[in-house]
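> To start, I am sharing the structure in question, which I have written as structure tokens.
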Amino acid sequence: MATATSESKNASDHVVELIVRDASAPSSEESDSEDKDQIAPLLSQERPKINIFTASYPRTKPRAEVTRLLESETSPFTNFILWVWNGSRYSGLLCMAFSSTIYFLMGVLTNIFSVQAIPLFETAFTRCAITLILSYLWLRWSEQPVFGTSQVRIILLLRALTGCISMSSFIYCSQRLPFSQAIVLNSTVPIMASIMARVFLHDKLKVADIASLACCFFGVLFFFREALATEGYFVKAKEASNAHAKTGHHIFAILLGLFSSIMGGTSYCLIRAGAKASDQPMLTVFSFGLFASPAMGICTYIFEDFVLPGFQSILLMLVNSIMGFFAEVLLARGLQLERTSKVANVQYLEA
């Protein structure tokens, strides 16, 4: 009996062991399968978030909204400036028109608020120095090369040289001639620029351009006809009363004024060539300021006596210099975008 019970116990134990083994195997497999089933949807949900291609799709709409928000926050004045600079098919004409308008306003401010006689070379030196400083800061802020590439340096040097010669000649001419005569001679600069552009840049000079240039020039003559007649009468009376008066000086001043116009027209062509070659009109302004500032300083020291300006004169010179800087930039931009003969007519707005 003892043997039987032990065998039965062994059998029962064996059965229990078999049952436990048989039950444990499927239960572990079922638990593993359940765990896999629970983990699988989690993995399938996380995969699109990890994928770099699907992660960028939800951000498209917020980025567009941010862009529209930034555009809406831009002031209308900034949008207008950007439109004038490069947002219109007439940007070249608009830039030249604004440049001429600024030059006109400079003349108005000088006539209204001028309280002290400042020598012209001293005024030119101040303007060129301010132009040099502002153009340098502009180039550094925009991370542009200050002296440009080696291909455009010769063009920039010639532009600075011709511009400086034109300015010096015009100052001498305006000191030796009546004001109206100097203005009329200076008004031939757009005509010379169109001729030089036809010769050097091979620009097409259309009949409409020639007609508009002629009409604008004769309009300037008509505008100053009374002043020319009056000043010519006084000049003749002065020469008749002065035995030592020499008409050769007057003729030399007129020829020098024409030479100034030729150099100014050549400078316009070089501005267009330099701005198109460097794709940066500011380089032409900087090169002119870099060359003209010391030249005007030397002319001030040699030919004129330095006059210490008062507070109002200093303020007026600074305002005119800053306005002249923006006028030079717009002038260079207009010549960069349009043909010289086409935008030269717009410059008669200055008169």
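From the backbone N, Cα and C atoms, a Cβ is placed for every residue, glycine too.
Caution: TrEMBL annotation is automatic and unverified by curators.
Model, not experiment: these values are computed from the prediction.
Below, the features straight out of TrEMBL:
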type	residues	note
DOMAIN	92-224	domain 'EamA'
TRANSMEM	93-118	transmembrane segment
TRANSMEM	124-142	transmembrane segment
TRANSMEM	154-172	transmembrane segment
TRANSMEM	178-200	transmembrane segment
TRANSMEM	207-224	transmembrane segment
TRANSMEM	251-271	transmembrane segment
TRANSMEM	283-303	transmembrane segment
TRANSMEM	309-332	transmembrane segment
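Give me the local environment of each listed feature.
Applying DSSP to the domain 'EamA' (92-224) sorts its residues as follows: 106 helix, 0 strand, 27 coil.
Sequence-distant neighbours of the transmembrane segment (93-118) (same chain, 6+ residues past either end, Cβ-Cβ under 8 Å): 84-85, 307, 309-310, 312-313, 316-317, 319-320, 323-324, 326-328, 330-331, 333-335, 337-338, 342-343, 346-350.
Panel annotation: around the transmembrane segment (124-142), residues 167, 171, 280, 282-283, 285-286, 288-290, 292-293, 296-297, 299-300, 317-318, 320-322, 324-325, 328-329 of the same chain, lying at least six beyond its termini, place a Cβ under 8 Å from a Cβ of the stretch.
Within its own chain, the transmembrane segment (207-224) has Cβ neighbours under 8 Å at 180, 183-184, 187-188, 190-191, 194, 341-342, 344-345, 348, 351, counting only residues six or more beyond its boundaries.
Only residues 6 or more beyond the boundaries of the transmembrane segment (251-271), in the same chain, are considered here, and those with a CB under 8 A from a CB of the stretch are 155, 158-159, 162-163, 165-167, 169-170, 172-173, 176-177, 181-182, 185-186, 188-197, 200-201, 281, 284, 331-332, 335-336, 340, 344.
Within its own chain, the transmembrane segment (283-303) has Cβ neighbours under 8 Å at 119, 121-122, 124-125, 128-129, 131-133, 135-136, 139, 144, 146, 148, 152, 156-157, 159-161, 163-164, 167-168, 171, 270-271, 274-275, 325, 328-329, 332, counting only residues six or more beyond its boundaries.
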